[in-house]
Amino acid sequence: MGAYLSQPNTVKCSGDGVGAPRLPLPYGFSAMQGWRVSMEDAHNCIPELDSETAMFSVYDGHGGEEVALYCAKYLPDIIKDQKAYKEGKLQKALEDAFLAIDAKLTTEEVIKELAQIAGRPTEDEDEKEKVADEDDVDNEEAALLHEEATMTIEELLTRYGQNCHKGPPHSKSGGGTGEEPGSQGLNGEAGPEDSTRETPSQENGPTAKAYTGFSSNSERGTEAGQVGEPGIPTGEAGPSCSSASDKLPRVAKSKFFEDSEDESDEAEEEEEDSEECSEEEDGYSSEEAENEEDEDDTEEAEEDDEEEEEEMMVPGMEGKEEPGSDSGTTAVVALIRGKQLIVANAGDSRCVVSEAGKALDMSYDHKPEDEVELARIKNAGGKVTMDGRVNGGLNLSRAIGDHFYKRNKNLPPEEQMISALPDIKVLTLTDDHEFMVIACDGIWNVMSSQEVVDFIQSKISQRDENGELRLLSSIVEELLDQCLAPDTSGDGTGCDNMTCIIICFKPRNTAELQPESGKRKLEEVLSTEGAEENGNSDKKKKAKRD
């Protein structure tokens, strides 16, 4: 089934929070692997990036989950470390942080960490394994030589003499197993079995929590707890949500770079095949001749395809099987400080605000065929194919990672074929702004911005049997199920990983209960009996809210 499972993985990782005391921002998130063979999304929900700022973000990885997870782990701190951030210049800080984390992906230390996240062996591990294999071969040969040295001539003849004439004739073109060297283990061994860890619910715990990680096979979370790995810097205010799904061997991301290198070998093999054919006896059937003509036509078509792929290549850009080089991620990051919403985006994930029920896009989808993006790609020496892919590879034009598209030494990072420089949009929040949605393209490829806003708008005021408003995460879960394709027979719509966060700009429940609470205080002064009744009612409502 290619890149898809036989059945979708619909287990969701979900959670809710109410924000920080100084910045109450109720939020809910959910993530689902879906039809994909692995989960490559990640996200951040950090109500207190600092005492005045909240951060929410989604990362949609491609070529592996490692870059998305790395960004979820380190980007929040990198943003805070920027000089511009400390000076209160949040737009500049986001631009600098995106470029800074992208540059870090090329360092040896980070490449090793990415390899560990991805489950790929590092160069050191490969070398050690190679040396160990050579030692094993040497030991086997030494043991065999020692055994033969102690054998009699009769025993040697018995072992080798009978096999002297049993070997197959040597092939003129060189024998082989039919397997390409290095075709196995491109992504290391299969990952560990899926596992989850749950933390107990805390009824009176802190309201500010940070959710950091990716989601694939974990149980639905609660407001105060999620499954995950502790120790992530951005998740110290609360647990994270993380689990690993079994990995299949990685398909070579830069296949189109390799084909031309094999072209000369294929040509030599074709020449040798033709020589062998000429040496065979004459007189074969017309059916065989037709089959040979069909084969020739197929070979010519393959050669034409190879020539087209070779035309797409850029000199000096060899495909490199290295995390951060053949893998990357989109990133959409929203910072909320006071009444200011600042959104940075690189890629095709999206942030949308509901303004009096109307969808307001706070980000642009970066596609290679867009005029601005296409001009930059061509200027960097690349081209966009008919199916909207950069040099036949990526179908987006901005991303963190993907460094084999960023090797033009004559251009700065922001002007490379694939750029990590984000677009920035700023919005001053008013009473008309109800909520914000941040999601990967697994959602936006199925539903438009307005359709998502309408869907949430129709659910956000619904109450459960106890009269409580629905959890935001339950609305997101319903949205994910709505977007999931029934099968994979279509064009891939609804078959992608899905991650979505809903953030409300106003406290939920609190505004509705405040007038009643004030009235009860007045009754307490006027009537002791009324005070007792209302006091008991207050306790019940408080218990529900907690």
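Note that Cβ sites are derived from N, Cα and C of the backbone, with glycine treated the same way.
Quick look at what Swiss-Prot annotates:
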| type | residues | note |
| --- | --- | --- |
| BINDING | Asp60, Asp441, Asp496 | Mn(2+) 2 binding site |
| BINDING | Asp60, Gly61 | Mn(2+) 1 binding site |
| COMPBIAS | 123-139 | compositional bias 'Acidic residues' |
| COMPBIAS | 259-312 | compositional bias 'Acidic residues' |
| DOMAIN | 26-505 | domain 'PPM-type phosphatase' |
| LIPID | Gly2 | N-myristoyl glycine |
| MOD_RES | Arg22 | omega-N-methylarginine |
| MOD_RES | Thr122 | phosphothreonine |
| MOD_RES | Ser183 | phosphoserine |
| MOD_RES | Lys383 | N6-acetyllysine |
| MOD_RES | Ser527 | phosphoserine |
| REGION | 116-139 | region 'Disordered' |
| REGION | 161-328 | region 'Disordered' |
| REGION | 512-546 | region 'Disordered' |
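Features recorded in Swiss-Prot, as mapped to the structure shown.
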residue: Arg22; record: omega-N-methylarginine; CB count, 10 Å: 12
residue: Asp60; record: Mn(2+) 2 binding site; CB count, 10 Å: 27
residue: Gly61; record: Mn(2+) 1 binding site; CB count, 10 Å: 28
residue: Lys383; record: N6-acetyllysine; CB count, 10 Å: 17
residue: Asp441; record: Mn(2+) 2 binding site; CB count, 10 Å: 20
residue: Asp496; record: Mn(2+) 2 binding site; CB count, 10 Å: 27
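DSSP assigns Asp441 (Mn(2+) 2 binding site) to a helix. When the Cα of Asp496 (Mn(2+) 2 binding site) is compared against those of the recorded positions Arg22, Gly61, Lys383, the shortest separation belongs to Gly61.
Same-chain residues that are not part of Asp60, Asp441, Asp496 yet have a Cβ within 8 Å of the Cβ center of the Mn(2+) 2 site turn out to be Asp41, Thr330, Asp348, Ser349, Cys440, Gly442, Ile443, Trp444, Asn445, Asn497, Met498. Note on proximity: of the recorded positions Arg22, Gly61, Lys383, the one nearest Asp441 (Mn(2+) 2 binding site) is Gly61, by Cα distance. Asp60 (Mn(2+) 2 binding site) sits 23 Å from Lys383 (N6-acetyllysine), taking the CA atoms of both as reference points. Taken residue by residue with DSSP, Arg22 (omega-N-methylarginine) is part of neither helix nor strand, so it is coil.
Taking the Cα atom of each, the residue listed as 'N6-acetyllysine' and Arg22 (omega-N-methylarginine) are about 49 angstrom apart. Under the three-state DSSP scheme, Asp496 (Mn(2+) 2 binding site) falls in the coil class.
If you take the Cα of the residue listed as 'omega-N-methylarginine' and the Cα of Gly61 (Mn(2+) 1 binding site), they are about 33 angstrom apart, rounded to a whole number. Taking the domain 'PPM-type phosphatase' (26-505) as a whole, pLDDT averages 77 in the prediction.
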